[in-house]
Amino acid sequence: MNIRNARPEDLMNMQHCNLLCLPENYQMKYYFYHGLSWPQLSYIAEDENGKIVGYVLAKMEEDPDDVPHGHITSLAVKRSHRRLGLAQKLMDQASRAMIENFNAKYVSLHVRKSNRAALHLYSNTLNFQISEVEPKYYADGEDAYAMKRDLTQMADELRRHLELKEKGKHMVLAALENKAENKGNVLLSSGEACREEKGLAAEDSGGDSKDLSEVSETTESTDVKDSSEASDSAS
């Protein structure tokens, strides 16, 4: 199972998934509005064949009088792929993107009062809290729970993760620099050792030459002496 950022070519399949899963449906232009205005915030879940089995459609609320916050327009997972944690993964990805791209402080959504399964998911698994009841929010006149999830803790965790990542990067660079410095010292020591060996070899060679010269001179002197003695004896 793969979770990834939604692309424009995914929008029609996201709409198809919506029609299969939810009573709240949207025209195609509404999907394009989200995809083109906030391309970082919507995600899809796809199976091993690349088919979309779940999605989250998200946006930022454009309220200048409030702190930056996102809104989940629609979240759906096909019945065949439920209870796999996909809803939580999709929600977390969208929330993280809201923090990283828009510094969102919280994320909101609406859910039908009668949708107990979704209410349980949002409250118990995804850490949303009911902020108010909005009467007759849906087209059929049903009330909605307006819910919010505070993103402060997630933002702090992301910040710590980035700090640790940056610290780790500096440690790696320092280790590489230290390794390079040690390698340079080893090469320098090796070069000095080679020069010392060459010096010793040169000294040994000079000593050998001297010894050979002395031996040669001694031999020549002996030959001359022997020749002289032989000459005296003959006379």
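Note that Cβ sites are derived from N, Cα and C of the backbone, with glycine treated the same way.
From a predicted model like this one, the values you see are computed outputs, not experimental measurements.
Per Swiss-Prot, the features are:
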- MET1: N-acetylmethionine (MOD_RES)
- 1-58: region 'Interaction with NAA15' (REGION)
- 1-152: domain 'N-acetyltransferase' (DOMAIN)
- LYS136: N6-acetyllysine (MOD_RES)
- 196-235: region 'Disordered' (REGION)
- 196-213: compositional bias 'Basic and acidic residues' (COMPBIAS)
- SER205: phosphoserine (MOD_RES)
- SER209: phosphoserine (MOD_RES)
- SER213: phosphoserine (MOD_RES)
- SER216: phosphoserine (MOD_RES)
Relative to the Cβ of LYS136 (N6-acetyllysine), which residues of the same chain, six or more apart in sequence, are found under 8 Å away?
GLU142, ASP143
Residues satisfying Cβ distance under 8 Å from MET1 (N-acetylmethionine), sequence separation of at least 6:
ALA45, GLU46, ASP47, GLU48, VAL53, HIS81, LEU84, LEU86
